[in-house]
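As annotated by Swiss-Prot, domain 'Protein kinase' applies to 4-291, with the evidence given as sequence analysis. Annotation comment: Swiss-Prot describes 10, 11, 12, 13, 14, 15, 16, 17, 18, 33 as ATP binding site, evidence class sequence analysis. Taken from Swiss-Prot, the feature active site, proton acceptor covers 138.
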């Protein structure tokens, strides 16, 4: 010890004394621990003292004080360590024990949050120590040093032993009775401090990782409650059996200890080692998840499903009335049960269901809407589970719309199923027997409410419904308070707080999220008040996100505003701009999720916007469309495909995930931003048929600028196109002739110039050109030109092409020219069944003929046979004047054009020129001022 200058003694232990010393060689303070003089002659204790030093020296971890030097050549033996200024955990605990009031500084140091952070560091250290095969055996507040700079280190390794090593029986023999009344580490048969020993350790069983975990449990109990788990006087014998440890929540309710942490402590202090944590790693993960706010669930309520007291409402309902998308009988009666329990915005529900219950279908609503008792319970989120033919299907429902579905075959003959539903941190998750089935992200504030179920028979719920509360985070989100105000429709109060948070955290997630929610708040207020000025303020609020770290949210917010205002062109523009400009932005997935939801919403309503959102989803998230949804979409589009010329002329199947589907959707919606990419894709693949179809659609939609650019590209590259020996349906020469014919139509040249110069074209290309020419000629009141064009190509197309694709144009021309005799001859060739088939345009043309020869009443009587369940594009005029009428917002852009063309001809046949000319004007305006 000659090398060190001893300053003062700073501590004493069972075998050693610790001094503050100065090392002049290294110019630093050190802690020097030497064996007590009265024990220095005992070789066994000397070996134990040196073993402590070597164990500490072998452990390299921030939570273990490293050893600088070990001196064992002659007495006194000692070792040196860094000197850490601080105090023990015991000192800190003693400073607050039995005190009624604490200073602000001390209250912060001993808060649950501060202590839990320290305990997590302790767990990390012991996890490392156990990984090295070492047991501490004497974990207690005395042996935990808290440094002035947030260090938390484990002291006193004198009792440490390697896992599985036999207990060292020292020469000091202490009776069991003396051990049980001692608070000191006894260098005898039982090593450690009895108050921190597990029950099995007190009975003489060897130490284990589980006994260290028990000791940590006693430490954590004191940290949480500021009291000891055993209520006994000093010196009183510890009772090994039958002593109940009260939970931390019971002992210190004023400390607001989360139920989850209370459960963690009680698990650590379980009498049976098998019921404790299996490792410190498992314990540390639970503590980490709590600190991070990850969900760890604690059972708060067990709801007996068969007791009437569990439910605020339990009434029979017709399921189809509220969930028409579900595959159930219209007369299926179920029970709607709404709980008495108010759920939290973060919660977990557990149900044990019989197979019979799932065969009949089971619904979960979380939470029900404000108007649940008034029959409006289906607003919000819910899950529907149903087994059919050994396949379990789970549907996620939002505002009565199925937005997600997952199906899986059941391999075993299970008779019971554990269903769990979690709502946590923007996500809704459903688990079946521990397996994740569905996860949905919702980025608007969650709210609390009542839990509801829909079930055929309560007997199918086999056990109590478990309602679990999330452990939550010790750091409550600053958004929680304004979120609560928003959920309660206290818009002004929510807005003030959101703006304050946004200004306080510029550039941080909390800040931009608050700014976005401020916009949502203004939007909700505007919708409630139906105030146009407030909608403008919502746009202004979202604009504050411009070019910031969450720029995509500006456009998502604006899209929501335009949706409420029914300004759908602006809504789509906002979404497109964000998708294009911020395709790689971390927040863009929120916007993509919204686009997918808008598809589900508009498709369920059979709204015309479904076609537009289908285009977007097929580009950004095609996997979001399930096989079941794909089947329904294709069925819905089938009638439109039968009225689409390029689908009729192309025998290939129209598949959902295909370039042809994108073109088809563009044609019917009039939404063409993707037309350019479709062109380049087909051009790169030399797919001439696809190029012809694209040019046909562009010409029909009057997209002359696009066509002009395509013609320029074609002219530039025509010389590079080499002839191929492979026989192809269309050559690039055909494509060129087709393009120039389209250009002639645009220039409004006569039929002879268009068709005579292209007399070598195939029948398919002639049909395309004739269709475009005839539609233009009719709307320009040039019915005679249709006859001229027909004469030029009649001999160049097969007879079936004439009947399938040209005859209707010929009938229109006769109607325009009022050729009653010719029309009579034509219609005599059709049966009454054919003339009344509303799937074909002949149905409408015959109605126009009746209007021409008999008047409006005869035509409307003919139109009155339309079906109620379907609307066919070919017979829109008939449905418009039918008693059923056309549903609002149902007609796509192309259908509105088609209807105006049909009405234009119909009013001409009636001799109502004013209405006819109005339809003509509206048709041209619709083309010029495109509206989704």
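We number each residue from 1, going along the chain as drawn.
Quick reminder: no glycine exception, Cβ is built from N, Cα and C everywhere.
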What does DSSP say about residue 16 (ATP binding site): helix, strand or coil?
strand
Can you grab the distance from residue 18 (ATP binding site) over to residue 138 (active site, proton acceptor)? Cα atoms, rounded to a whole Å.
18
Validating a neighbour-count step here. Other CB atoms within 10 A of the CB of residue 14 (ATP binding site): how many?
18
Just to verify: the residue among 10, 12, 18, 138 with the fewest other Cβ atoms within 10 Å, which of the recorded positions is it?
12
Secondary structure of residue 10 (ATP binding site) (DSSP, helix/strand/coil):
strand
For residue 16 (ATP binding site) and the residue listed as 'active site, proton acceptor', determine the Cα separation and express it in whole Å.
16
At the level of the C-alpha atoms, what whole-angstrom distance separates residue 138 (active site, proton acceptor) and residue 10 (ATP binding site)?
20
For the residue listed as 'active site, proton acceptor', what is the secondary structure state per DSSP, taken as helix, strand or coil?
coil
Please report the number of other Cβ atoms within 10 Å of the Cβ of residue 16 (ATP binding site).
24
State the mean pLDDT for the domain 'Protein kinase' (4-291).
85
